[in-house]
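**Student:** Copying in the features that TrEMBL gives for the protein in this structure:
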COMPBIAS  B:35-54  compositional bias 'Low complexity'
DOMAIN    B:62-161  domain 'BTB'
REGION    B:29-55  region 'Disordered'
TRANSMEM  B:207-229  transmembrane segment
TRANSMEM  B:250-272  transmembrane segment
TRANSMEM  B:278-296  transmembrane segment
TRANSMEM  B:345-366  transmembrane segment
TRANSMEM  B:378-394  transmembrane segment
TRANSMEM  B:406-427  transmembrane segment
């Protein structure tokens, strides 16, 4: 379009407003045609918008130090390894599943990763960030017995109704056996798994109520002194 | 495996959730940090001093040192703070601050970082052409920079390569989805759909495929032969076509073909998972167009022949040939190419139309004066222009005046140019798509071999884990190997501990898969060559193989991406067993101190030193010690005894496994302890040679009565031996159950 501009420029200087509007119009026309011809592909733009949503920044170091029981240097170390693995800052359930698959190569980590993911991702956003990760670690490693037992209860309570039923415990135990996979001796037997479930559940629930609340669970574990 | 090492402490922390469910008490973690020098006051002062320095560093004109894997970059603080949404510009970089050296350390690629830092300096992000697009994207994602802002100079290149890469990935993923073993289809409908889409699935499907192909061909040939001249008409004497002579036969043939096409269409419609989508798809439209004329013809025959419309309908019968595109991949590639080159083709059409109109107009006015000219109107001149521009030159219309001839000459020259221009674009598109489809075919052919290799690698990894674990357990008892403890790989230790926890939770034990399991497609039983093995295994193979087969279908996705890592890992382990330093480059050494005591421990070193004291543990041992006092969760003995330990590739591991169970109360045979030690030593040599399968098979054949659980050593001897190695002793009763050092 340059020859147009030069042609316009060399002619009359007085009607500068007309000149400006001509230039603007020609520019707009040319960009419009270029865009129509080039047909900018939408999927790439969508990919980038997804990418921008996925960049997650954690809260600042000081805030995290206040919320958890780790020191700054520990948090730094943890963050470094977290960021190395997951630069976008969002960990999906798929990624957790892959990780457990690598840790337990002969096993099937789908169920266990799903249960673990639901207990970490409290707000059900579909991914968890470094904040969730460090809060979980703080509870699990530096938390009081109560906090740990609460976490474990939430892990077992798959459907989130606040009560632990036989089905929940069965599901969790099944997921553990899945994790074991096929490379284990002696061979896994359905009957044995059910026996395991029965034994565990009966010991949790001596009064045969078939539903265990969080307080019952905590009392039981403390009584049996799992983790004093 | 480096990324998994980052998650290992987390996985071990989460393993607390197994404690209430465990059948056996869980072992304590590998080792504790000595609490020397870990007084609470000093780390806090160090943190406050660090915070003081960070506060002090907030001055804007301060220089930052950024250390990227050893290469130091320096810049002003204000430079990086230009873009506060990125990692370097925000508080996030504080997580990477190294207080000892007062610099920010990132363990990333320094070459790409140079480009990124230039972006901060100049405001323009460039894309280095020699970099792989995926690596570059990863680095950008790490530093929180969107690829959108790549400057104009490098944008086109980036976009093209990105598009190519995404297409290839999508292709690969599509084919990977096909590779995955599909679950058994739920219903007849699903079976049928899969048979239609993929004729290689079963013989019925391929039969159907070929039959329909045959009938399409027959129908098309019949259409063609319908019009061939077949001899003179006896009544009128004019030549008539075969269609008229054998009209009944052709009609029967046509009816049969249309019957088959109709049935096929309705079957596909029934089997389609999304019927609406199927009806809208191109292939189904072609099917409908292929059979509709027949039915319309039937109805119209009843009303009486309307010859014009009828003839048109017959023309549509030729669309049956497009049904071949289901059968031919080349046709589909061609169609896809044309679709993807739509913009270029549109441009070609547009410019041709413009040129035709221009030249036809000029030609008409040039030839208007000639008497009896063929150029009667501008549209009439269109035909001349098209024929000339495409260099056909039929010669039915030629200009007579000199002006017309001049215009005609210019027309043919420009025709050559205009048509030649978009052709290279179309050709390059076609070649790209063609190469992609060739690659897809090649991958399909290698699919089976690849699956076997994946399974092999996976089994090798797990075998390597188990072998290394046992070796570690066995080495830790051998007093001669104390020197090697300094070379212990912390990642391995932690991982083995995690595996051990799972073993004890479920009261099982990991074994290595024998060679046959590696090659078998899905059974997964560890069958071993050798008659004795088979005898022992016979009982277990049949009832559980069914169970295992069902298990196999739950294999997770992502075997391909893991393949590289696991291969490398297993190769390293097999080759350099005693040299743990070798695997240091794979593992991320940054494990964290996660202990209950509030005393903060010295920071782990950032370098890849295998210093044993730097390694830390997770869930605090006292919990697990108390766990052991419960009798309710320790079942152990009856269940152990009722399972004979099945033979597998490592013949000596039954003995070792008993040796390593520290929670056994049943009587031990003192006499076999020496036997065990001897065998343990020979096992060491087995592992040192790297290959387990050949030697152990030989040993298996030499020892025919191996296969029962034999607990070799007395518990007290065992415990006293372990006492010196562990630091978690509570009292003598519990040492029996919990002393275990990794």
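Cβ from N, Cα, C; glycine included.
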**Student:** So which residues does the transmembrane segment (B:345-366) touch in its own chain, when a touch means Cβ under 8 Å and the partner is 6 or more beyond its ends?
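**Tutor:** For the transmembrane segment (B:345-366), the far contacts come to 338, 375, 377-382, 384-386, 388-389, 399, 401, 403-404, 407-408, 410-411, 414-415, 418-419, 421-422, 426.
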**Student:** When the domain 'BTB' (B:62-161) is classified with DSSP, how many of its residues are helical, how many are strand and how many are coil?
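**Tutor:** Reading the DSSP string over the domain 'BTB' (B:62-161) gives 46 helix, 20 strand, 34 coil.
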**Student:** Short question: which residues 6 or more past the ends of the transmembrane segment (B:250-272) have a Cβ under 8 Å from it?
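**Tutor:** Here the qualifying positions are 189-190, 192-193, 196, 211-212, 215-216, 218-219, 222, 226, 242-243, 278-279, 284, 287-288, 290-291, 294-295, 320, 323.
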**Student:** Taking residues 6+ outside the transmembrane segment (B:378-394), which of them lie with a CB under 8 Å of any CB in it?
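**Tutor:** Answer is 352, 355-357, 359-361, 363-364, 367, 408, 411-412, 414-416, 418-419.
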**Student:** Over the span of the domain 'BTB' (B:62-161), how high is the average pLDDT in this prediction?
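**Tutor:** Averaging the confidence scores along the domain 'BTB' (B:62-161) gives 88.
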